[in-house]
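Contents: one structure, followed by commentary.
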There are 4 protein chains.
Amino acid sequence: MEVGFLGLGIMGKAMSLNLLRHGFKVTVWNRSPSKCDELVEYGASTAESPAAVVKKCKYTFAMLSNPVAALSVVFDKDGVLEQISDGKGYIDMSTVDADTSSKISEAISSKGGYFLEAPVSGSKKPAEDGQLVILAAGEKTLYDEVIPAFDVLGKKSFFLGQVGNGAKMKLVVNMIMGSMMNAFSEGLVLAERSGLEPGNLLDVLELGAIANPMFKLKGPSMIQSNYSPAFPLKHQQKDMRLALALADEHAVSMPVAAAANEAFKKARSVGLGDLDFSAVHEIFKVQEPPS
Amino acid sequence: MEVGFLGLGIMGKAMSLNLLRHGFKVTVWNRSPSKCDELVEYGASTAESPAAVVKKCKYTFAMLSNPVAALSVVFDKDGVLEQISDGKGYIDMSTVDADTSSKISEAISSKGGYFLEAPVSGSKKPAEDGQLVILAAGEKTLYDEVIPAFDVLGKKSFFLGQVGNGAKMKLVVNMIMGSMMNAFSEGLVLAERSGLEPGNLLDVLELGAIANPMFKLKGPSMIQSNYSPAFPLKHQQKDMRLALALADEHAVSMPVAAAANEAFKKARSVGLGDLDFSAVHEIFKVQEPPS
Amino acid sequence: MEVGFLGLGIMGKAMSLNLLRHGFKVTVWNRSPSKCDELVEYGASTAESPAAVVKKCKYTFAMLSNPVAALSVVFDKDGVLEQISDGKGYIDMSTVDADTSSKISEAISSKGGYFLEAPVSGSKKPAEDGQLVILAAGEKTLYDEVIPAFDVLGKKSFFLGQVGNGAKMKLVVNMIMGSMMNAFSEGLVLAERSGLEPGNLLDVLELGAIANPMFKLKGPSMIQSNYSPAFPLKHQQKDMRLALALADEHAVSMPVAAAANEAFKKARSVGLGDLDFSAVHEIFKVQEPPS
Amino acid sequence: MEVGFLGLGIMGKAMSLNLLRHGFKVTVWNRSPSKCDELVEYGASTAESPAAVVKKCKYTFAMLSNPVAALSVVFDKDGVLEQISDGKGYIDMSTVDADTSSKISEAISSKGGYFLEAPVSGSKKPAEDGQLVILAAGEKTLYDEVIPAFDVLGKKSFFLGQVGNGAKMKLVVNMIMGSMMNAFSEGLVLAERSGLEPGNLLDVLELGAIANPMFKLKGPSMIQSNYSPAFPLKHQQKDMRLALALADEHAVSMPVAAAANEAFKKARSVGLGDLDFSAVHEIFKVQEPPS
């Protein structure tokens, strides 16, 4: 199977390598061409532009760093649009907002091409190990055709329906995660203030029905007030806000998510926005002996 | 090691059997004596009253169904108090409130006895398999002495400090659990209303950082509006209330738990109190096309 | 009309004086007898104990500073209980909790006496001006009989039904007030942060549908971060907590009151409990440029 | 003073009449010309288009029903823009969003004209009585020049700074109002469920520190579950949402407003969006005996 791949950042490079290792013929392109070299060593071909990649390959994957880059490779000169045509498929695995996704989808379709948005859950390590979770939405036929590639890139892929649903699914998951992080923080502070060892709480949680990787990973550093940013609090709060906006559209009342969102805003208001989202823990702490 | 055991309900019977199987000499008592018979087949002795058990054994465990029963075996005629004395230990593994625990603790201590409260997390199956989680608090010396028994009864035991801390730890855990259940319910409703398959949400959650046994167990039945009571909603709400009261005492602000508590109250107000606590899901559903 | 009056603090003294000025014959008693002197100048008689007052008068009013004092004048030696009897009425206008009120009510009734709880809204100035609002509950017959006295003491009296209802009404009113204070504080902070003059907000509010004396009185000092305690924040938060507990009993979900309660708790947690309840304003302020 | 007036709906007609009665020379225009007739009887002149009005008058006021109409009279053929020029002023008193206001403001300024947004608080009756509250923002010079007109139209006008501030002020006020309505509804339900007469609660509130016209006006109909729409719930909820979005921009945490917003959303979700915003009362009611 011959595929194109646009974007060789940390994620894209790891993903292209996995495709090569599993026997795919891969034609790569990256804005800075030097990043293509290592892939060539592993057997990749290169092309001089997104348009050239699409001209050569039936299926082209993209993994760009942000919405601006995602739009640029499609709409700019020598971009995807110039060569996309009947029967060709374009699969954008970047994490972008619904509007960006829709614009790309409409442009591709208007030229007769097929489109999938396919944002992933998982970062560098799962990308290298082919253990991503892929949230695809758009053209079902295209999804079925590229399953062999998704099987190499991820441990699991989902087809979620129309374009936009991939982004929505990420919002819903992140919203639940944000509320859980608040509940967890409240629990840690309550434990400590009422004379329990927070470390014991972590151990008890780990053995029960609500044990989960996030509590296990973040708990110990939260106890030490260590909030090195893995997922910045301001981004978590933005996702809470977008999930609440989605809920507003559909008249879904979400009082717990709303309370969690306000707590994240409080954290932003005291300058914690660039720390890890677990830093919301700080705002629940009791600063003075209560009167 | 020779131990006494008071209370042979579902939990107590399974626990006594485990002790017998692991070589403990066990003297049992139950309010309805017939329940002792099966244990006798497995090698247990019997005694005619709590007092008689305590007279015979250095360590006596109890697993009663509620605070009234827990107080009764201690304070009534022929109760524990009549025979507890210097060097004897009493370990109450029932789930009771802090007041009940304190009363028993003070009475035992005033006679020179040692006391542990040791509520457990886990129900019938973990009790049979010796896989309970034991939250002990009270006399550290006694805790150290009965560790061999705890090792048989549970997969893990904790010593949490002074009497009352076992109950507090359960409250903190249940509070986090209650907030999580609300966040999960909100997410399920938002997913469905915004055009996603709730079943896909469960699958995506299961593969990510917040995967946990509760979501996995409850999710599928919640999607089918099936809320057979494992942990009744009114009890979950009571625990939220008590956790919030504990937080009030220590001036800990817990906006997410407070929002979750009001949602559970709303569920009670529409008659869902006797269903499983996951029935809070119902109150987030959208009943009419929004205007 | 001849009445007794127990308790001559700031409130009780002003109230007794009003009764005297309007032609009532008043027999007063106070724990420190010196406070009776001024009343005597205005025509009051004195008696040496609560019992002596009740023996002499058909109707005895009380205005004590707290529940301990309220219980003491009834149950202690030479207390009200010793002389209360068929046909005599006891009207306690102190602000006490429902339990205290119930205890006194039962004791009075068991001797054949009639009882009213009648807490008031309003402090020194309204007491002096006979402009209190009286929230009476208990024996309706007694209420009807003492209306002439209530007409002198207050601008309006209510009969609210069974004993306890006076206290409940105060809780409901204070709960609404506490939520309003939070809404007002949020609005002041939002105005300021988004480039509006908080003073203009006060002026606009004053001219509209939600204009109220509290916004008018507290607004200007809140803008200057001046929170001299008129009603201490910790007492407001206690009332929110009690109102939420009452709501819990009746399965009433109150998400806004719950959020306001957590905000007041947050204020306590940073040491603002002894300031005026308007100090909750402080916790909404933004301390750092948000990232 | 000669002024133009665009838009003769319920509000615009009443406002033009007031100007005429106080000696202003008024040139009116309305999309359906028939509405101009009555004004002509009172001495108004007419013009055939917004452009013609502006050509004739130094100052032109507008009171249109919605953003679409507000944009149309400015940008369409024969619109305001065609004749606005150096030294002329345009005062838009319609209630529109910030974006609409900004577009109009920029267009007017680019032609050398002066602009004020001046949304009002108050509906038909205050418009007729010249008792509106005017929230003006934009060009201070223009504000100063048209004060004589504002004095006729309103009981009070404010100059709030840059364009957009009028709309923001309305949002802040409506947000406080929405939270208050929730607090009030919770109180009414709590009163009733705990054995108090809601009517007594209204009377007590009316006599105290939080008495306000809204409680007085809405309370009696809310008790009768009468929610004829004066201000539709869905519009109130939209304003809460916009106020929360404004707060998000400035990192202001508003947990009480957020809880109130979710309650309004809940009300929308059960089909109450087209009723009066006081219909949020319905969602706090207890439907079943709690278990």
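From the backbone N, Cα and C atoms, a Cβ is placed for every residue, glycine too.
Unlike curated entries, TrEMBL annotations are predicted automatically.
Per TrEMBL, domain '6-phosphogluconate dehydrogenase NADP-binding' is recorded for A:2-161. Mean pLDDT for the domain '6-phosphogluconate dehydrogenase NADP-binding' (A:2-161) in the predicted structure: 95.
Summarising the annotation, TrEMBL assigns domain '3-hydroxyisobutyrate dehydrogenase-like NAD-binding' to A:164-281.
Positions annotated as active site by TrEMBL: A:LYS170. In three-state terms derived from DSSP, A:LYS170 (active site) belongs to a helical segment. Sequence-distant neighbours of A:LYS170 (active site) (same chain, six or more apart, CB under 8 Å from its CB) are A:THR95, A:PRO119, A:SER121, A:LEU135, A:ASP239, listed in sequence order.
As a summary of secondary structure, the domain '3-hydroxyisobutyrate dehydrogenase-like NAD-binding' (A:164-281) carries 86 helix, 2 strand, 30 coil according to DSSP.
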